[in-house]
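Colleague: Take this structure first; my questions come after.
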Number of protein chains: 4
Amino acid sequence: MTKGRLEAFSDGVLAIIITIMVLELKVPEGTSWESLKPILPKFLAYIFSFIYVGIYWNNHHHLFQAVKKVNGSILWANLHLLFWLSLMPVATEWLGTTNFAKNPAAAYGIGLIMCAIAYTILENLIIKNEGENSSIKQAIHSKFKEYISIVFYIAGIATSFFYPYLAIGFYYIVALIWLIPDKRIEKTLKEN
Amino acid sequence: MTKGRLEAFSDGVLAIIITIMVLELKVPEGTSWESLKPILPKFLAYIFSFIYVGIYWNNHHHLFQAVKKVNGSILWANLHLLFWLSLMPVATEWLGTTNFAKNPAAAYGIGLIMCAIAYTILENLIIKNEGENSSIKQAIHSKFKEYISIVFYIAGIATSFFYPYLAIGFYYIVALIWLIPDKRIEKTLKEN
Amino acid sequence: MTKGRLEAFSDGVLAIIITIMVLELKVPEGTSWESLKPILPKFLAYIFSFIYVGIYWNNHHHLFQAVKKVNGSILWANLHLLFWLSLMPVATEWLGTTNFAKNPAAAYGIGLIMCAIAYTILENLIIKNEGENSSIKQAIHSKFKEYISIVFYIAGIATSFFYPYLAIGFYYIVALIWLIPDKRIEKTLKEN
Amino acid sequence: MTKGRLEAFSDGVLAIIITIMVLELKVPEGTSWESLKPILPKFLAYIFSFIYVGIYWNNHHHLFQAVKKVNGSILWANLHLLFWLSLMPVATEWLGTTNFAKNPAAAYGIGLIMCAIAYTILENLIIKNEGENSSIKQAIHSKFKEYISIVFYIAGIATSFFYPYLAIGFYYIVALIWLIPDKRIEKTLKEN
């Protein structure tokens, strides 16, 4: 089975997720700059989620560059990842409308951790399908970035009940770790 | 005529259908976990419909892997399938907002049965167009899964007027039957 | 310049247009079948517009099958067509919410006639770009279908102020004329 | 890394941005032509933004025609451009609902200038990645159009606080400058 349609469908879903979040930025009634103030926390939440979905698209892109074949399990693991990503607009809206409150910050972190788990499952199934000597296996021999992300997410969720802004800080650090697309894959692809 | 754009257009429509359903998950007013409670049935309905649209995308993907050429009738049969699938968000919302009531459960089943009929029409037109000796004809020689699905859908619609949750159970069994993508096509494609 | 991205972008826009119309089918408050009644005219309008956008996608698909190269004018003529098609959801909603009233029926017809004009402009620019001896020129030597459509649209708009349902009848006839994708192109492509 | 998915994802996001703006054109309650009047400024704003997003899609298309390879920085520069473009529907709605008021006209101009800056960054990164002798470098040796646009945008933002319609006039002139897709790239591609 070719990977073309899996990529096209994922691109479509990710493009919609990243764009419908903007629909929540309802314009104010007035014409003054002050009237924009209520949508400011929503706007910050939007920027944050835009970067996160961008990171996932970027890494998805890198991951599938190295993929040669897909199977039924990979199709479902990909849909599983898209499911958790599709909840990002809802989590973003809750975070934005409540002005970064405690429970919404925790819920946002839980959403992020589920995306990370889904991505890891997808990665593992792809490596298993490609085989032990594949370039993807060589590229992702160390899973340090994956493990450290989980740790920061758990730290973020734990602190969200006390200092939600600190929780966002933890999620922000994970974003920074992944902002640079997967050099491991780029490097290995170039060598082979 | 090439099948590329039919696949791209279908991917686009399915990606939108699967994602706009999430727009119905309106976030609660409060910040407490209890305030999430009213959207719980909507969330369950969303998961259910996400899986169903995922199944259709998966099988559509498998079906067209084996297709070599398309014609005008196939384009319309495909649009017919997309039409019934496009009603899934509405049926899902009715099911979710009414907390899985009787009529909405029946309406949901009627929607599913129309999708199944539209898919079978598409399958038949493709087999007819590819010819008797095509790999797709060999792959789908038995239509057991299609027939058993129709039976379960009818059972689900019939019981929905008495026990709507049992109806959802019937629809769930059909989902399980199709969750594993069409091994018949995968197998036949590999042999040829 | 290659035509790939023009097709992909058009597929995306058409997929969104055809799907967002369903967002207008707001589910009723109640659980009874009677509570579905208010959305019935909207549903009929949705079916009608779904078929119309389907026809445009189908003919766009056929037209570009025969296209070898595109230029700046064709890109803009295509965006011009997409602009008028993007107004279909608004026209559909007005038609549906007012239960097929006079002015909305006329506005719907004006929308359809603008789409038809935009499509003809696109067709002419493509023929001019492909050259006099191109297969597309041979395929579309007769413009009978285009002319008769304009006549029926004008008849529909004129009658809409007296009998809006008759106007819809006229638009329906044009849909029937175009429902069968452009055999002229299919035939000429096969011969060459 | 191939550019295919970057183009597909950008096409998806741009197709959604251009189409969701139409969701703001809420149909009137009545059936009279007068009842359409309140959505007229929104409609004008929609036309304007449709043309602007069309221009960006067109130039994006032209730019990537000449691109042979992409890297991580280009992926992010592209996402950065899509981010600013994704704010167009919000800016358009504010402009339309306030009937082209002063602050919204300024905000719209700020949005446009951010898109122009993001586009220039993307262009520079692509030229750097393709190399000094690439056809893209030769094509975009003069940046006159980019510089004059920035000047007009600043003029527009400055006047928007006094005469918002004049500001729109300035933005309109920039649109006219870019309406004709990048002949520089088309010409250079043909020569090579």
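Glycine too: its Cβ is placed from the backbone N, Cα and C atoms.
Okay, so TrEMBL annotates it like this:
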type	residues	note
TRANSMEM	D:9-27	transmembrane segment
TRANSMEM	D:39-58	transmembrane segment
TRANSMEM	D:70-87	transmembrane segment
TRANSMEM	D:107-126	transmembrane segment
TRANSMEM	D:147-180	transmembrane segment
Colleague: Please report, as numbers and ranges, the same-chain residues at least 6 past the borders of the transmembrane segment (D:70-87) whose CB is under 8 Å from any CB of it.
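Modeller: Same-chain contacts beyond the flanks: 1-3, 6, 10, 13-14, 17, 53, 56, 60, 111, 114-115, 118-119, 121-122, 125-126, 129.
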Colleague: Residue list, the transmembrane segment (D:107-126) vs rest of chain: Cβ under 8 Å, 6 or more residues beyond ends.
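Modeller: Same-chain contacts beyond the flanks: 52, 56, 59, 63, 67, 73-74, 77-78, 80-81, 83-85, 87-88, 91-92, 94-95, 136, 140, 143, 146, 149-150, 153-154, 156-157, 160, 167-168, 170-171, 174.
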Colleague: Determine which residues of the chain contact the transmembrane segment (D:147-180) at the Cβ level, with the cut-off under 8 Å and only residues 6 or more beyond its ends counted.
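Modeller: Same-chain contacts beyond the flanks: 48, 51-52, 55, 59, 100-106, 108-110, 112-113, 116-117.
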